[in-house]
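S.K.: I have a structure here, written as structure tokens, and I will follow up with some questions on it.
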Amino acid sequence: MGTSSHGLATNSSGAKVAERDGFQDVPAPGEGAAGRICGAQPVPFVPQVLGVMIGAGVAVVVTAVLILLVVRRLRVPKTPAPDGPRYRFRKRDKVLFYGRKIMRKVSQSTSSLVDTSVSATSRPRMKKKLKMLNIAKKILRIQKETPTLQRKEPPPAVLEADLTEGDLANSHLPSEVLYMFKNVRVLGHFEKPLFLELCRHMVFQRLGQGDYVFRPGQPDASIYVVQDGLLELCLPGPDGKECVVKEVVPGDSVNSLLSILDVITGHQHPQRTVSARAARDSTVLRLPVEAFSAVFAKYPESLVRVVQIIMVRLQRVTFLALHNYLGLTNELFSHEIQPLRLFPSPGLPTRTSPVRGSKRMVSTSATDEPRETPGRPPDPTGAPLPGPTGDPVKPTSLETPSAPLLSRCVSMPGDISGLQGGPRSDFDMAYERGRISVSLQEGASGGSLAAPARTPTQEPREQPAGACEYSYCEDESATGGCPFGPYQGRQTSSIFEAAKRELAKLMRIEDPSLLNSRVLLHHAKAGTIIARQGDQDVSLHFVLWGCLHVYQHMIDKAEDVCLFVAQPGELVGQLAVLTGEPLIFTLRAQRDCTFLRISKSDFYEIMRAQPSVVLSAAHTVAARMSPFVRQMDFAIDWTAVEAGRALYRQGDRSDCTYIVLNGRLRSVIQRGSGKKELVGEYGRGDLIGVVEALTRQPRATTVHAVRDTELAKLPEGTLGHIKRRHPQVVTRLIHLLSQKILGNLQQLQGPFPGSGLGVPPHSELTNPASNLATVAVLPVCAEVPMVAFTLELQHALQAIGPTLLLNSDIIRARLGASALDSIQEFRLSGWLAQQEDAHRIVLYQTDASLTPWTVRCLRQADCILIVGLGDQEPTLGQLEQMLENTAVRALKQLVLLHREEGAGPTRTVEWLNMRSWCSGHPHLRCPRRLFSRRSPAKLHELYEKVFSRRADRHSDFSRLARVLTGNTIALVLGGGGARGCSHIGVLKALEEAGVPVDLVGGTSIGSFIGALYAEERSASRTKQRAREWAKSMTSVLEPVLDLTYPVTSMFTGSAFNRSIHRVFQDKQIEDLWLPYFNVTTDITASAMRVHKDGSLWRYVRASMTLSGYLPPLCDPKDGHLLMDGGYINNLPADIARSMGAKTVIAIDVGSQDETDLSTYGDSLSGWWLLWKRLNPWADKVKVPDMAEIQSRLAYVSCVRQLEVVKSSSYCEYLRPPIDCFKTMDFGKFDQVYDVGYQYGKAVFGGWSRGNVIEKMLTDRRSTDLNESRRADVLAYPSSGFTDLAEIVSRIEPPTSYVSDGCADGEESDCLTEYEEDAGPDCSRDEGGSPEGASPSTASEMEEEKSILRQRRCLPQEPPGSATDA
């Protein structure tokens, strides 16, 4: 609010000047023309001439008083001085005397403090000396100026990528061996002995230009890495010509993991469509895949691990790119596969009618969509069956597990008694990759397992609706036979045994007894949902009778598409079981269906006993993949970038798009002046470079790896081939590109384009804490309670998502005492990568010194939290000094801890000035338990109770957790004079509704209220202090005494300065509890200024400076003149968004613009307006005067910005009904407050009923990890929607190479692989239908055929030519 402390100035929420009948109305910024305030009359004020006269009169009176006092002083008779000399101290001698005296006291106190042999009787005296010492320090500190924050640029390690590549000469291994190791990702998961065994089979191959590496018809049984030269990977086009889909440069590889899997499983097939040729003379390294079989024969435990990595690559790389980003669904799966004919068979009974009276049959309809819970319900005999091993622990549980659980588990230093204490094998790593708990006995033995005895203490799971379960009974005669599904009694047992034999045959299980007590027979009614997409607890399903329909949710559409139909004899769910990833489709029984089920934990027990079982399961996955997926497996790369290496540099050619699988990347732009600026950071699941690749523009920024990062690489030629093969991909690309361009256009709708406002053009990219996966915690000193701090933070993070805490003790307990040795670095890196995949965020607690574990924590971190004690002297810890001397690329944040009963933050600037650039400095008010000194056992017992309760969302630790996970909630308060008092009422209602606030900002009166709330964090205390200030604003004498000659302004501003200073004293913005900013208008540079540090009262006053009434405030940093921020941005929600807020609650209290103005034609006479005004019988006209026109011109940019904010998706726009209050109605504080409070209660009550608040607090990554949320780093203001379709649908003509492997007439052969696997499609008659079926079965078959055709499950016609696309 731009006014002085008198009652004649107006608020900063408006600034119109309307001279009317000798009066002038001065609205605040954001206020419009006449009639904005609910029909309120103009506010009279003292004209300039009258003001000068009053000022002159006051000056005359003051002069007369001074003259009178001087005259009276001169008339006082002087007393004669006594005889003799008079001695007196000079002032300077007096100052020196007392100064020396104080310093003597200080030195004596200091020397006495150093003496350690102080007796107990001298302690009171020492306390007095300490108090004197503190008083002396305060006296000496008065002369010092308040320190200001030193402007620091990010260090070179943050903005610059390494210029040198990896030095292979420093390794004792041959260069070609390291070359193969670094460029084939699947080999990176081998341990060193296995990898060296493989490299014995590696050979060199030299190719001339035009020579083929392989072509259709030749075996696909090798991995190729280009050492020098250039290879081209080709696929046949629709006209029989080869189309180059990928250029393989030195360092890249040509391989298909599905082909490797086929060779390992013994189902090798020759190439059908893919060929590779040398574009110029080249040298390649060739590794035959047969070498894998020899290695696995020697190291059988590694077989499961490697197959698992191949499956993970298939799901994460191939499916992520093709389904999540390109929108392909049933094109990824083959619909032609030959199932087994299980029933009817000799010796088995025919189908009979179900027993309707059986208690196991639960009648449900298909419309109800009942779901089968994957578990074991009670046994029909009455004895409870235990659930499968590895039931996940609740996120808030802190019970000591019997084995380390990887899914939503809680670990702490005191909770290591139940952890395995030895090194893990490859199979144990596979267990953890599949998110299965490894028991201590099994992990120690590592040998073959018999069927383990079930733990009788485990509780049975709930009986699923719509499905019943049969568990084989040893004593069948005792039960008298159990009716099941279409069979009864002993018939079910016979079917069960026959089905297990068929399953053992399919999976090549040598010992069928491994299936005993691990296989369950299920029967599902029609319409039952067996498993849903996204489920974590998955199982294997072996269809016996009926069929299971597999559906997948379509991207950007609220519908599911049928991928395929699992017929009798087929396995479903093996991909999710092997990878440990969530299920990527939904299983539904369209009709009654019978199947065998093996839980994930039971399947891993079988694999431990016979590792080769994983080959059969993996082969069933590979056989279901379509030929198109096998082609894309060659084309889509799985690449890695080491920490500090550049993924690409600014100005490079854009030839591909990247998807981050894990790790972190940073984007930096170099301006024309050579200055480098941080654009943003990318985390897991982000899409990079899509706009540049589609528009074929050079790279706009340099992107380098913050830490070791894995990516999926989609080449440009591959994207063109996909568009030719599946034209519907163009729609998805238009959607992706339109999101990026739309985000740019919304930024350009502001008053100034791009970053001219001082705001980065992309909001989410500017948040350094967005999309974090790992956080390292580093102490400043040994006094920091690190264990308690990390546990408190973990407790707060658990409310957002699964969180894992790791320290050196936990690592040694889980992976063995030698886990941190350099020889175990590979295994530790792989295990940590698994933890990042299984958890929302991983906390790394460093040691107190620079140990190998501390170095590992810093290497793995996306962000580093430097934790200090706020009540201690600002110091730089020893570990921090080592950190400053190393090139750490992760962003740093300084976290200061404060006691709950202690004073507020102070001297934050000194903490920050001692360190290099920090991206943030949160203050945390900690509970008393954090600083209590307890033994590890007592601490463990205490936090067991803490973790049993849900974290308080209003605590500072919860606020830090929301910041780290990108779920910040910001509160933005607009300007509007006395109407801004309603902000406090809305704040009170916001507190009562339970909505936390993590960031506060505002303009004008909003900056004042926001600063109070950021300091107090209490609406009640904010109301009390704001009411006192509002009362002072009703004074009349102070404004009169503050009048001056109106050259720059009518008032000097000193009275208003005193009123603001009395509220905030010398508080710094850095010392506020909540992060805070306000907005001012820089009239020196004609730009908006956003203030996040510095003197609080000065920048609040600057944001409330109304033109003409208060002089501009000189910025103490650079001397620029600052005015009211409402002139340019009266509701800065966009600033809060650019600072990383996920949701912005914006409260607007500005007056509404008058838009109903009179039409007067092409010219206007002032005499006519005067007549209309003086004539009481004339119709009133609404025409703005000169002052109002100037005011509207001043607020054009503010109005535009407000409209953009109101229409944005991230902003919750609120406007209380306060239009009936005037700008200077500070005397009506309570009435305005009540209006805001009642309005807030109504709004937030609706939010609570509509579940809006819970959605605000829900982590966005947990809702939809597949959504591309990033605005791309490249912005093209000239790009519009008219040429959008042309950009994304442009298909380059294929390279005119005639393929020797296929003629024009053999196109169908080229586009179909594995013809020997082809069989009847999914619409054929089910082989599993028993003889003697009811006549309605045929009609059901026909009905199912039509359904499958409608859902695109049947084979489609081959796509058209490139012109059709």
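Every residue, even glycine, has its Cβ placed from backbone N, Cα and C.
Okay, these came from Swiss-Prot:
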- 72-1365: topological domain 'Cytoplasmic' (TOPO_DOM)
- THR352: phosphothreonine (MOD_RES)
- THR455: phosphothreonine (MOD_RES)
- 620-740: nucleoside 3',5'-cyclic phosphate 3 binding site (BINDING)
- SER1004: active site, nucleophile (ACT_SITE)
- ASP1124: active site, proton acceptor (ACT_SITE)
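A description of the local structural setting of each listed feature is requested, covering burial, neighbours and distances.
M.R.: DSSP assigns ARG684 (nucleoside 3',5'-cyclic phosphate 3 binding site) to coil in the three-state reduction, placing it in neither a helix nor a strand.
According to its DSSP assignment, SER1004 (active site, nucleophile) is coil. Within 10 Å of the C-beta atom of SER1004 (active site, nucleophile) sit 38 other C-beta atoms, taking all shown protein chains into account.
Classification of ASP1124 (active site, proton acceptor) by DSSP places it within a strand.
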S.K.: List the Cα distance (Å, whole number) between ASP652 (nucleoside 3',5'-cyclic phosphate 3 binding site) and ASP1124 (active site, proton acceptor).
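M.R.: Cα of ASP652 (nucleoside 3',5'-cyclic phosphate 3 binding site) to Cα of ASP1124 (active site, proton acceptor) measures 44 Å after rounding.
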S.K.: The topological domain 'Cytoplasmic' (72-1365): mean pLDDT?
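M.R.: Its mean pLDDT is 75.
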S.K.: Between the binding-site residues ARG684, ARG732, whose Cβ has more other Cβ atoms within 10 Å than any of the rest?
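M.R.: Answer by Cβ density within 10 Å: ARG684.
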S.K.: What is the Cβ neighbour count of VAL668 (nucleoside 3',5'-cyclic phosphate 3 binding site) at a 10 Å cut-off, with all protein chains included?
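M.R.: Result for VAL668 (nucleoside 3',5'-cyclic phosphate 3 binding site): 22 other Cβ atoms within 10 Å.
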S.K.: Cα of ARG732 (nucleoside 3',5'-cyclic phosphate 3 binding site) to Cα of SER1004 (active site, nucleophile): how many Å, rounded?
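M.R.: For ARG732 (nucleoside 3',5'-cyclic phosphate 3 binding site) versus SER1004 (active site, nucleophile), the Cα atoms are 44 Å apart.
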S.K.: At the Cα level, what's the spacing in Å between ALA700 (nucleoside 3',5'-cyclic phosphate 3 binding site) and ASP1124 (active site, proton acceptor), rounded?
M.R.: 36
S.K.: Fewest other C-beta atoms within 10 angstroms of its own C-beta: which of the binding-site residues ILE636, ALA700 fits that?
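M.R.: Comparing Cβ neighbour counts within 10 Å for the binding-site residues ILE636, ALA700 gives ALA700.
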S.K.: Which of these binding-site residues is closest to ASP1124 (active site, proton acceptor) if you go by CA atoms: THR620, ILE636, VAL668?
M.R.: VAL668
S.K.: How many whole Å apart are the CA atoms of ILE636 (nucleoside 3',5'-cyclic phosphate 3 binding site) and SER1004 (active site, nucleophile)?
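M.R.: Given the Cα positions, ILE636 (nucleoside 3',5'-cyclic phosphate 3 binding site) is 54 Å from SER1004 (active site, nucleophile).
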S.K.: Helix, strand or coil: which one is ASP652 (nucleoside 3',5'-cyclic phosphate 3 binding site) in, per DSSP?
M.R.: coil
S.K.: Taking ASP652, GLU716, ASP1124 as the recorded positions to compare, which has the smallest set of other Cβ atoms within 10 Å?
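M.R.: Least crowded of the recorded positions ASP652, GLU716, ASP1124, by Cβ count within 10 Å, is ASP652.
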S.K.: Within its own chain, what residues at least 6 apart in sequence put their Cβ under 8 Å from the Cβ of THR620 (nucleoside 3',5'-cyclic phosphate 3 binding site), listed in sequence order?
M.R.: LEU506, GLU570, LEU571, GLN574
